[in-house]
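Below: the structure, in structure tokens.
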Amino acid sequence: MALRSINKLEVFLKRYSAPTLYYCSNKSAHGATNGIGTDDSNNNYNNNNKNKNGYTGFSWRSVIRFFVPFSLGALASTMVAQREELTPTISARALSGRRREFNFIADVVAGCADSVVYIEIKDTRHFDYFSGQPITASNGSGFVIEQNGLILTNAHVVINKPNTMVQVRLSDGRTFPATIEDVDQTSDLATLRIQVNNLSVMKLGKSSTLRSGEWVVALGSPLALSNTVTAGVISSTQRASQELGLRNRDINYLQTDAAITFGNSGGPLVNLDGEAIGVNSMKVTAGISFAIPIDYVKVFLERAAARRRKGSAYKTGYPVKRYMGITMLTLTPDILFELKSRTQNMPNTLSHGVLVWKVIVGSPAHSGGLQPGDIVTHINKKEIKNSSDVYDALADGKKELDIVILRGVKQMRVTITPEDP
């Protein structure tokens with residue numbers, strides 16, 4: 001198209017252009033003495049724009065060489081400008097507006113992520129071959145609730161692990177050893193203390209005002225991947241502990257479809273105001289996870305603070321004399337129904353048991369062959385219907401536990417030797 005335009009312009013200029021103008025240095029080409037003359041013959045104009053008599057002129061070819069690129073450049077600029085106006089693209093201003101309007105999750109994370117911490121449980125008996133440091137036996141999450149280093153997490157993240165030490169890594173990468181201050185095994189809550197000040201603190205909201213369908217964000221370190229964010233909605237605000245087979249707890253859990261997996265335990269479940277409204281606690285299957293309501297957590301924190309003012313730590317819960325190294329969940333009829341509907345290879349005849357949610361690396365359960373997802377149905381020939389039955393089996397004092405499990409559709413037997421605390 002551009003070449004055709006040039007050809008048309010060249011023909012037009014040949015036909016209608018005026019005679020060549022030239023400037024005279026001494027005299028005109030045909031005797032003109034006024035300094036400016038005309039030359040009707042283009043043949044007297046050579047390729048160097050210089051004639052025999054020393055006159056320099058501008059032919060129609062010079063005009064083309066100047067005018068065509070200039071015209072095409074102006075035309076291209078005009079077309080680009082018109083296209084930018086007509087093309088339905090999102091401008092930077094419009095994009096930023098849409099992002100501000102719809103990326104509310106990012107705003108939540110920006111406001112509270114600095115207070116979330118990564119918790120590692122280090123095995124002081126085993127050391128990494130290359131670094132010489134204690135290996136990580138398990139991990140979890142937590143969040144800062146006081147500027148002077150007080151951290152909230154789940155009890156199962158930090159207790160019942162002999163010969164271990166607790167280490168906390170902040171969002172900025174700094175790492176500190178931690179001491180366990182308060183523990184409530186019944187509610188599965190604990191606090192840690194690290195020796196550092198001026199930390200970012202997580203705001204605590206109200207779980208009593210939550211509604212089903214409300215957006216929430218789960219923060220933590222699933223599978224040791226720190227600073228991980230997942231989002232979902234509140235599926236239920238009143239999931240009773242009895243429905244989950246937790247007979248020793250009187251808690252109405254928050255149920256959410258936000259992804260909570262290994263390592264998320266102890267991390268915050270926050271609302272769109274960036275306030276913690278729960279503590280991530282457990283997962284049954286994809287889309288079904290539970291958190292401890294923050295109103296219940298506040299009661300634990302008030303009691304713990306009162307104990308600290310009196311000079312003693314707040315430690316309650318059923319004693320576990322021996323350590324196996326698993327996190328478990330009772331399979332209630334409702335949970336069994338959900339599992340069977342989501343898992344194709346689960347036998348329809350299964351009516352009871354305890355789901356192994358997490359196995360701590362290096363623990364007796366890990367050494368004995370238990371795996372996450374196993375369902376414990378019998379221990380030492382006794383039926384296991386809830387998690388309390390497992391604690392009773394540990395308290396029997398037998399050296400070994402003969403455990404019958406269901407792994408997929410296959411029934412298996414494993415032998416575990418629990419450790420003394």
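Glycine is no exception: its Cβ is also placed from the backbone N, Cα and C atoms.
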- Item | Annotated range (Swiss-Prot: motif 'IAP-binding') out of 74-77, 118-121, 334-337 | 74-77
- Measuring Cα to Cα, tell me the gap between Asp188 (active site, charge relay system) and Ser265 (active site, charge relay system) in whole angstrom. 10
- Here the active-site residues are His156, Asp188, Ser265; the one whose Cβ sees the most other Cβ atoms within 10 Å is Ser265
- In which DSSP state, out of helix, strand and coil, do we find His156 (active site, charge relay system)? helix
- For Asp188 (active site, charge relay system), the three-state class that DSSP assigns: coil
